[in-house]
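Lifted from TrEMBL, the feature list:
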| type | residues | note |
| --- | --- | --- |
| DOMAIN | A:84-305 | domain 'ABC transmembrane type-1' |
| REGION | A:1-25 | region 'Disordered' |
| TRANSMEM | A:31-60 | transmembrane segment |
| TRANSMEM | A:90-110 | transmembrane segment |
| TRANSMEM | A:122-155 | transmembrane segment |
| TRANSMEM | A:175-196 | transmembrane segment |
| TRANSMEM | A:217-239 | transmembrane segment |
| TRANSMEM | A:281-300 | transmembrane segment |
Amino acid sequence: MVAPVTTSTGGGAAKAATPSRGGGRSGPSTLLAWLVVVPFLAYVGTFLVYPTILVLAGAFQDSDGGFTLSNLTDLMKGVYLQAFWRSIELSAITALLGAVFGALLSWAVATGNPQGLLRRVVVAAAGVLAQFGGVPLAFAFLATVGFQGFVTQFLRDSLGIDLFAGSAWIFDLPGLTLVYTFFQIPLMVIVFLPALDGLRPQWREATESLGGSAWTYWRHVGGPILFSPFLGAVLLLFANAFSAYATAAALVSQGSPIVPLQIRGFLTGEVLLGQENLGKALGLGMVVVVGVAMGIYALLQRRVSKWQ
Amino acid sequence: MAVTAKPGRKIGGTVLRWVVLVVLGFYFVLPLVAMGEFSTRGINNTRSLDSWTGIFSDPDLVDAILTSVELAVLSSVLMLVLLVPTMAWIRLRLPKLGRLVEFLCLLPLTIPAIVLVVGMAPLYAWVNYFLGDSPLTLTFVYAVLVLPFAYRAIDAGLASIDLKTLAEAARSLGASWGTVLWRIVVPNIRTALIGASLLSVALVLGEFTIASLLNFETLQVQVNLIGKRNAGLSIAVSLACLVFAFVLLFLLSYVGQRRRVTVVED
């Protein structure tokens with residue numbers, strides 16, 4: 001899952017090391033200095049860069065290893081294109097829902113005591129759901145609104161409402177949208193809380209002493225300041241939902257409505273002859289979409305950190 | 001606040017705040033209650049703890065839990081061994097490489113696990129050829145997956161101490177680089193290291209994508225598998241996982257407390 005980590009340390013990373021040339025010696029010891037970094041680079045090269053290149057390069061290869069664009073042109077049609085659109089739709093809707101409700105929750109938490117229990121509980125719970133939810137979230141969802149779920153039974157027995165009157169919607173896009181909000185809203189809290197903490201109480205006081213109302217404050221001070229962080233968070237949430245796999249995989253065992261599940265199909269052997277590298281092309285497509293969203297997010301972050 | 005706003009407005013804010021907290025609180029607590037209810041269902045509308053005691057009587061599940069715990073420990077250790085010397089060294093001697101290492105560490109955020117696993121499959125054919133097909137070989141991927149989380153925690157820790165002065169002082173007293181690392185750097189960023197490890201443990205215990213698609217039986221893979229025949233058991237384990245991760249992160253919020261910048265509000 002894509003997730004930025006805000007560990008407890010406040011803005012400590014901001015004033016990262018400014019390189020000073022104090023202890024820098026040159027000559028053979030520089031070469032030795034580089035050797036220390038080699039194990040890390042070799043490791044990351046083997047277990048991160050190499051497999052990534054394998055996927056990206058494989059997207060342009062046919063089954064014999066020759067160069068081809070046919071994998072990519074196949075992406076542009078039929079079920080694969082549909083899966084991409086569905087993935088984008090799911091990610092966009094849950095990003096917006098998550099951003100709006102997550103921002104509200106962050107605000108409700110940020111106005112309380114920064115060392116208080118409420119904040120600790122919300123932040124810890126948000127961390128769990130946003131970053132480590134995965135399969136348990138799917139089962140939480142089934143226990144709640146599955147065929148035998150708690151809410152399903154309650155509605156059926158007490159109010160005579162059948163949740164599944166229309167269809168088995170929980171195993172399709174509507175269900176995925178609902179269950180995705182369970183990690184999107186918490187992720188928004190983690191991302192957006194630091195931005196809200198950056199609002200100084202003095203600004204509020206200044207607005208009020210000049211006769212401004214709460215509306216004036218949010219319209220002319222708080223709103224504009226939070227706009228970039230909010231937009232950035234929406235992009236991050238989008239990327240997060242787009243790359244999420246575990247929850248959807250545990251929930252949807254048949255059919256592949258979204259791209260990550262399409263890729264599962266290729267890995268578990270539902271492959272037509274001559275299409276072995278189509279899975280890699282799907283991977284390339286995902287990296288491009290996530291890369292664009294994260295790239296814009298990084299640009300926005302840079303703008304924000306400039307004056308905060 | 002120094003200036004008292006009109007009372008009506010303040011009350012409006014407080015009411016809205018509680019409405020948000022109660023409504024969203026309900027939204028997130030409801031599934032937990034549902035899991036508790038579902039996992040304690042017995043026959044004929046009775047209550048029973050069979051699902052919970054079943055956790056320990058299912059040998060596959062117990063094996064998977066042990067595997068995941070071992071993986072969590074191994075991955076955390078490997079992550080620390082890889083990152084701490086490298087990051088400290090880069091701050092001391094090779095600041096030019098800082099950007100590259102940061103880029104590499106944050107790269108897993110841009111490459112979805114489901115994509116990474118496509119490239120891992122051929123690589124793991126080799127790993128399993130040389131090291132056998134123990135699920136513990138997943139340590140190699142997991143150390144990569146936790147990089148962004150661990151990097152940020154350790155980076156913040158290193159930024160909060162005056163590493164250069166400390167190292168130069170130790171060096172001028174005759175300490176070797178190994179001593180500097182082990183007796184100066186590590187103790188000084190202890191809380192950051194604990195934070196990085198707790199995050200790694202939580203991530204590894206919750207990882208499903210890569211384990212399931214490389215066909216290793218870890219905790220989450222088993223939970224998913226069991227769900228097909230015994231929903232109650234899977235839901236009980238899921239609830240336990242969520243609660244356990246919550247406790248880890250809740251503890252983490254106290255671990256990092258010492259260095260948190262306190263915002264004075266009133």
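Just so you know, glycine gets a Cβ as well, placed from its N, Cα and C.
Away from its own ends, the transmembrane segment (A:90-110) comes close to residues 118-119, 122-123, 173, 176-177, 180-181, 184-189, 191-193, 196-197, 230, 233-235, 237-242, 258 of its chain (Cβ-Cβ under 8 Å, at least six residues beyond either end).
Of the candidate ranges A:122-155, A:175-196, A:217-239, A:281-300, A:281-300 contributes the most Cβ pairs within a distance under 8 Å of the transmembrane segment (A:31-60).
Packing against the transmembrane segment (A:175-196) from elsewhere in the chain are residues 1, 3-4, 6, 90, 93-95, 97-99, 101-103, 105-107, 109-110, 122-123, 125-131, 133, 137-138, 140-141, 145, 169, 226, 229-230, 232-233, 236-237, 240-241, 244, 247-248, 251-252, 257-258, 304: each is 6 or more residues past its ends and has a CB under 8 Å from a CB in it.
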